[in-house]
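Novice: Below are the features listed in TrEMBL for this protein:
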{"type": "ACT_SITE", "residues": "LYS225", "note": "active site, proton donor"}
{"type": "BINDING", "residues": "GLY8, PRO9, GLY10, LEU11, VAL12, GLY13", "note": "NADP(+) binding site"}
{"type": "BINDING", "residues": "THR94, LYS118", "note": "NADPH binding site"}
{"type": "BINDING", "residues": "GLU210", "note": "L-homoserine binding site"}
{"type": "DOMAIN", "residues": "8-135", "note": "domain 'Aspartate/homoserine dehydrogenase NAD-binding'"}
{"type": "DOMAIN", "residues": "154-354", "note": "domain 'Homoserine dehydrogenase catalytic'"}
Amino acid sequence: MLNVAIVGPGLVGGALIEQLVAHAQSSRFTTLPISVVGLINSKKMALSATSFSAASLGQWQTAILGDSAQPADMDWFANGLAGLKGATAVVDCTSSDVIAALYPKWLSWGLHVVTPNKKAFSSDLPLFQEIKQLSSSPRGPSVYHEATVGAGLPVLSTLNDLVRTGDQIIKIEGIFSGTLSYLFNNFSSPDATQTFSACVAEAKANGYTEPDPRDDLNGMDVARKVTILGRVAGLEIGIDTLPVENIVPESLRTVSTADEFMTRLPEFDSHFSDLNAKALQAQSVLRYVGFVDGVDGNSSVKLARYPLDHPFASLKGSDNIIAFTTKRFPNPLIVQGAGAGAAVTAFGVFSDLVKISERFGCTSSVDSSKF
Ligand SMILES: NC(=O)C1=CN([C@@H]2O[C@H](COP(=O)(O)OP(=O)(O)OC[C@H]3O[C@@H](n4cnc5c(N)ncnc54)[C@H](OP(=O)(O)O)[C@@H]3O)[C@@H](O)[C@H]2O)C=CC1
Ligand SMILES: N[C@@H](CC=O)C(=O)O
Ligand code: NA
């Protein structure tokens, strides 16, 4: 069995629990060797020497992290996990850099790490390098973070395969934000009618945005994804030096809460309508894009215009599109599909857990009411 502990059962972590329960309760599938033994959020925690039952996981808010749960203590929790028998994976579903900074300790204790949290891979280069080094041994602890770029889309696995087989990455270009894709697909097209602020509110309600939507609109979420792709491709790239276009209106950058930002955003609808009208007059649409330059180091993140017949102009919903131009693929290899949302992100995390369980030869018990 692969023991699994979920840190931050919020939108994505909660969807992961739902998918694990649904899988375990369906007779269509062979039981997976995955056993959920721990849950922790910023207030409460529960850790069990054996699996939680599917029934209690189905109501984890009351049955596991309810009133009787212990106060959260991450050190105690991780120590307990390190003491379990067999392979154990910590799934970090927070967006916390404090939690991300704990990965080296967890790895050095033999715990695997799976996460959609971008912080560890896109902040200081030494943290990324330390994590890479600690997870480099084929039979040692591993780190899987497919959902950090393009949510569940096979973006990092594709890039890793290209790199590991000796292809040369020339350029990776794409729309890497589900939020900004949804926003500009709906706001910037010849037949669009919605205001900019209404599109942002919808993206937030659909679960595409970061907990604070300014982290999407200021370009930092895309900058982090470009940094992760660049680093996985072998470049020494960082969010501090990457040119990033921040589209948050100047006077909203310093408002103290995400709620205040959302309330005041309609004041700036005419600014965005003007930008859009100019693009449409030039038979173009606005799209927020990221570039990884594998040759000259000119990676960037910006709001750009694309002609109406360009593939980026016809994207739908929250789709991401990622085009890898390489020595072997001069006509780019393209990955496209929903790039944000709880279900598709949880799928990316779930499939990483399955990979670890297979790689480390975990085998399942036959009782499908347990994990
Ligand atoms: N939404 C999406 O489409 C995608 C999201 N991601 C990434 O997935 C991650 C999760 O996003 P999402 O589910 O939307 O976030 P949420 O805000 O819904 O959930 C975050 C969870 O983390 C917990 N948490 C925060 N800080 C700590 C801490 N210090 N210790 C323990 N628990 C903590 C919160 O607990 P509490 O409630 O107690 O504060 C909450 O349970 C983020 O890193 C995001 O970037 C990646 C790809 C796509
Ligand atoms: N806020 C992000 C979520 C996934 O990384 C996005 O909109 O793409
Ligand atoms: Na992905």
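A Cβ is built for glycine as well, from the same backbone N, Cα and C atoms used for every other residue.
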Novice: Neighbour count first, Cβ atoms within 10 Å, every protein chain included; then name which of GLY8, PRO9, GLY10, GLY13 tops the list of binding-site residues.
Specialist: GLY13
Novice: Give me the non-local Cβ neighbours of GLU210 (L-homoserine binding site): same chain, 6+ apart in sequence, Cβ-Cβ under 8 Å, ordered along the sequence.
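Specialist: Spatial neighbours, sequence-distant, of GLU210 (L-homoserine binding site): SER95, THR179, ASP216, ASP221.
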Novice: Given the recorded positions THR94, LYS118, LYS225, which one's Cα is the least distant from that of PRO9 (NADP(+) binding site)?
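Specialist: Comparing Cα positions, the candidate nearest PRO9 (NADP(+) binding site) turns out to be THR94.
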Novice: Give the subset of the recorded positions GLY8, GLY10, LEU11, VAL12, THR94, LYS225 lying near ligand 1, defined as CB under 6 A from any of its atoms.
Specialist: GLY8, GLY10, LEU11, VAL12, THR94
Novice: Near ligand 2, meaning Cβ under 6 Å from any of its atoms: which of the recorded positions GLY10, LEU11, VAL12, GLU210, LYS225 fit that description?
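Specialist: Result: GLU210.
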Novice: Considering the binding-site residues LEU11, VAL12, which residue's Cβ sits among the greatest number of other Cβ atoms within 10 Å?
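Specialist: Within the set of binding-site residues, the most crowded position is VAL12.
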Novice: Near THR94 (NADPH binding site), which residues of its own chain have a C-beta under 8 A away, given they sit six or more steps off in sequence?
Specialist: VAL7, GLY8, GLY10, ASN117
Novice: By CA-CA distance, flag whichever of LEU11, VAL12, LYS225 among the recorded positions is nearest to LYS118 (NADPH binding site).
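Specialist: Ranked by Cα distance from LYS118 (NADPH binding site), first place goes to LYS225.
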Novice: Using C-alpha atoms only, work out the spacing between GLY13 (NADP(+) binding site) and the residue listed as 'active site, proton donor' and round it to an integer in Å.
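Specialist: Taking the Cα atoms only, GLY13 (NADP(+) binding site) lies 20 Å from the residue listed as 'active site, proton donor'.
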Novice: Does DSSP put GLY8 (NADP(+) binding site) in a helix, in a strand, or in coil?
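Specialist: DSSP assigns GLY8 (NADP(+) binding site) to coil.
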Novice: If H, G and I count as helix, E and B as strand, and all else as coil, what does DSSP give for GLY13 (NADP(+) binding site)?
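Specialist: The residue in question, GLY13 (NADP(+) binding site), is helix (DSSP, three-state).
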Novice: About how far apart, in whole Å, are the alpha carbons (Cα) of LEU11 (NADP(+) binding site) and LYS225 (active site, proton donor)?
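Specialist: The Cα atom of LEU11 (NADP(+) binding site) is 20 Å away from the Cα atom of LYS225 (active site, proton donor).
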Novice: If the NADP(+) site is taken as the center of the Cβ atoms of GLY8, PRO9, GLY10, LEU11, VAL12, GLY13, which further residues of that chain fall within 8 Å of it by their Cβ?
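Specialist: Neighbours found: ILE6, GLY14, ALA15, LEU16, CYS93, THR94.
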